[in-house]
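J.: According to Swiss-Prot:
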- His111, His115, Asp300: Fe cation binding site (BINDING)
- Leu134, Val135, Ser136, Gly137, Gly138, Asp167, Gly180, Asn272: substrate binding site (BINDING)
Amino acid sequence: MRVLGIETSCDETGIAIYDDEKGLLANQLYSQVKLHADYGGVVPELASRDHVRKTVPLIQAALKESGLTAKDIDAVAYTAGPGLVGALLVGATIGRSLAFAWDVPAIPVHHMEGHLLAPMLEENPPEFPFVALLVSGGHTQLISVTGIGEYELLGESIDDAAGEAFDKTAKLLGLDYPGGPMLSKLASQGVEKRFVFPRPMTDRPGLDFSFSGLKTFAANTIRNNENDDQTRADIARAFEDAVVDTLMIKCKRALDQTGFTRLVMAGGVSANRTLRTRLEEMMQKRRGEVFYARPEFCTDNGAMIAYAGMVRVKGGATADLSVSVRPRWPLAELPAA
């Protein structure tokens with residue numbers, strides 16, 4: 001079975017074709033980073049218009065890359081949410097239309113389930129059960145995963161997501177968009193413990209997160225210190241260390257609570273090298289395992305949507321011809337497969 005995946009939830013247009021026997025056959029991606037850079041963040045209307053321009057040409061490119069034609073596609077999977085409503089509608093409309101024209105199923109995919117399953121694309125995929133840490137610009141969640149669609153929310157951010165806090169703090173430091181990767185690069189030049197930031201909500205029980213106060217702390221630290229390059233790097237280092245420590249402490253608690261020995265990290269922030277290193281060290285001490293996707297599959301991409309669509313089709317998922325998206329869509333509402 002071959003599934004075409006379409007990802008248009010935010011500022012990346014991702015198209016991929018996944019074969020259940022041969023694996024990934026094609027992967028096309030167009031990033032809108034340059035389009036939004038002058039605005040310091042994603043402009044929804046511009047994102048939607050660019051998806052309209054890029055989606056069909058990328059589908060054609062994916063078919064060419066794989067050496068396939070429309071007749072070889074058995075299902076079309078598209079991101080139906082969560083995300084920007086206009087951007088989602090572009091992918092949903094094109095996905096439904098192609099599925100109708102090709103007489104194949106159209107499968108709506110949950111964007112965060114796509115991220116959660118992205119490590120399954122690697123040579124050493126995780127086995128169930130595991131704790132999933134989903135960290136991106138819009139989400140910071142800890143999930144107990146016992147099977148496809150068997151998701152229990154253990155904790156989440158009550159305000160800013162980790163990725164959002166990275167981007168906002170990067171902006172305070174005068175860094176270009178996208179800020180998260182730029183802040184991490186700057187932090188690598190910083191001196192450890194020159195500044196010490198709080199570890200939010202780690203002094204109390206529970207698995208929820210809060211990062212808005214950390215952003216405010218960073219703003220005050222920036223305002224009260226010199227604006228030289230080394231000071232900015234030291235502040236970036238302190239901020240990154242605080243976020244990574246907080247995520248690690250909560251992961252420990254989630255693993256203790258569930259008794260699981262496997263940790264899956266997914267979402268854009270999971271590409272952060274410091275976070276990967278610290279979680280690897282933690283899981284080695286616990287004699288457990290940590291799994292994550294290669295960096296290009298941590299950020300938004302069509303491969304994870306094609307794979308998630310494949311899993312759902314095999315689980316018996318069906319859909320009618322209506323075009324519907326859900327900008328807000330709790331992961332726990334997904335059915336088991």
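Using the three backbone atoms N, Cα and C, a Cβ is placed for every residue, glycine included.
Could you tell me the structural context for the features on the list?
T.: The Cβ neighbour count for Asp300 (Fe cation binding site), using a 10 Å radius over every protein chain in view, is 26. In the three-state DSSP scheme, Asp300 (Fe cation binding site) falls into the coil class.
Applying an 8 A CB threshold to same-chain residues 6+ apart, the list for Gly138 (substrate binding site) reads Pro82, Ala161, Gly163, Glu164.
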J.: Counting other Cβ atoms within 10 Å, pick out the least crowded of the binding-site residues His111, His115.
T.: His111
J.: State the Cα to Cα distance, in Å, between Asp300 (Fe cation binding site) and Ser136 (substrate binding site), rounded to an integer.
T.: 10
J.: Would you count the other CB atoms within 10 A of the CB of Leu134 (substrate binding site), including those on all shown protein chains?
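T.: So the Cβ neighbour count for Leu134 (substrate binding site) comes to 25.
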J.: Just going by other Cβ atoms within 10 Å, which of the binding-site residues Ser136, Asn272 has the emptiest spot?
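T.: Result for the binding-site residues Ser136, Asn272: minimum number of other Cβ atoms within 10 Å at Ser136.
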J.: Where Asp167 (substrate binding site) and His115 (Fe cation binding site) are concerned, what is their Cα separation in Å, rounded?
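T.: Cα-Cα distance, Asp167 (substrate binding site) to His115 (Fe cation binding site): 20 Å.
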J.: Show which residues of the chain containing Val135 (substrate binding site), separated from it by at least 6 in sequence, have their CB under 8 Å from its CB.
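T.: Expected: Ala161, Ala162, Gly163, Leu247, Met265, Ala266, Gly267, Gly268, Val269, Ser270, Leu275.
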J.: Can you give me the Cα-Cα distance between Gly180 (substrate binding site) and His115 (Fe cation binding site) in Å, rounded to a whole number?
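T.: That comes out at 18 Å between the alpha carbons.
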